[in-house]
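Working notes, structure below.
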């Protein structure tokens, strides 16, 4: 909070991101509702849900282009206005309900989300230049908290706007266009501070070569700063994110059979989601506590250990108080991982590879989530107890991987 109040660059950057994320969150909800109004609604909703993953899949390539861009300030400001124009087009297109219009809106949605990824990459070297290293953890934690609040408030606002406008898609697309316009206008206040070191890019470097350099740079940072075995740490992160992404859906399916504390199904789901949200929020709002000072690998080890406890509680019925308490602590700890990772990268990496390295870890984080979700959804529908048993076994594997990621532990077995 202190860095937000005293650093005008960071304050305006957060405000710009708020308007950007708010518009995107509102329209992601609206887009699914628009798809549901199509003749073949099931197909349209499926397409609308799928295309939201395309920018994430392409994010590493987009980030590489952002790192290569020389005049980052120009494109950062200009692309915000282009996004606003795109959604003015969507506003007029959404007056009609046809598959041609839906296809065009899908393309614009993908294009806009790719632009948003590109803009996030453009701003990173500027962020590095204007935020002192000692403030990075606090800055990233605060930014994460604002993003979480924006997600919840954006969805709530989107539902309310849909209700009062009677699903007026023209009105809601216009709101989104205004949010992108405001996002760029806020940055005009600090345009003189939108500076960054000169970009040094070798055009002969191909995509594969860049990936190799990216892996090498990331590995060297964690080897000397965190003293970890990078490959094992990557597998630990994949395992943690995979299992973590499956927890909510597994509990939701378990609640169809048995609910905690005599609550209804809806109340149980709401309670669990509230616990997750509040715990993550508190974790993000305490960037200087004891756990924030732990190394990244130590936090991953504790989280993977907590997954084992959650697996045991899910496997054995009647342990909801323990399970929810452990889950709350796990979310509290997990909310410190991204700020810690981002601040480490920001402090140690040169500006010309910031965006792609950040995107590399983002892709790793989401890579195995869909597979885990499908796997545990299928297993839970067949047998909830069997699914939790598999979850427990995999949690133990992830915990062992996280232990051996630590060089001080692994060296004893070398």
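Just so it is clear, glycine is given a Cβ too, placed from its N, Cα and C backbone atoms.
Of the candidate ranges 191-217, 353-379, TrEMBL annotates residues 353-379 with the feature transmembrane segment. Contact check: the transmembrane segment (43-62) against the transmembrane segment (265-285) gives fewer than three Cβ pairs closer than 8 Å, residues 6 or more apart, which falls short of the contact criterion. Counting Cβ pairs under 8 Å to the transmembrane segment (265-285), the stretch among 12-37, 169-188, 230-253, 306-333, 386-404 with the most such contacts is 306-333. Counting Cβ pairs under 8 Å to the transmembrane segment (306-333), the stretch among 12-37, 169-188, 230-253, 353-379, 386-404 with the most such contacts is 386-404.
Within the chain, the transmembrane segment (386-404) has long-range Cβ neighbours (under 8 A, six or more residues past its boundaries) at 229, 232-233, 235-236, 239-240, 242-243, 246, 250, 254, 297, 300-301, 304-305, 307-308, 310-312, 314-315, 376, 379-380, 410, 413. Long-range neighbours of the transmembrane segment (12-37) within the same chain, counting only residues 6 or more positions beyond its ends whose Cβ lies under 8 Å from a Cβ of the stretch, are 4, 44-45, 47-49, 52, 80, 87, 94, 97, 102, 105, 109, 112-113, 116, 119, 123, 127, 142-143, 146-147, 150-151, 153-155, 157-159, 161-162, 167, 169, 172-173, 175-180, 182-184, 186-187, 189-190.
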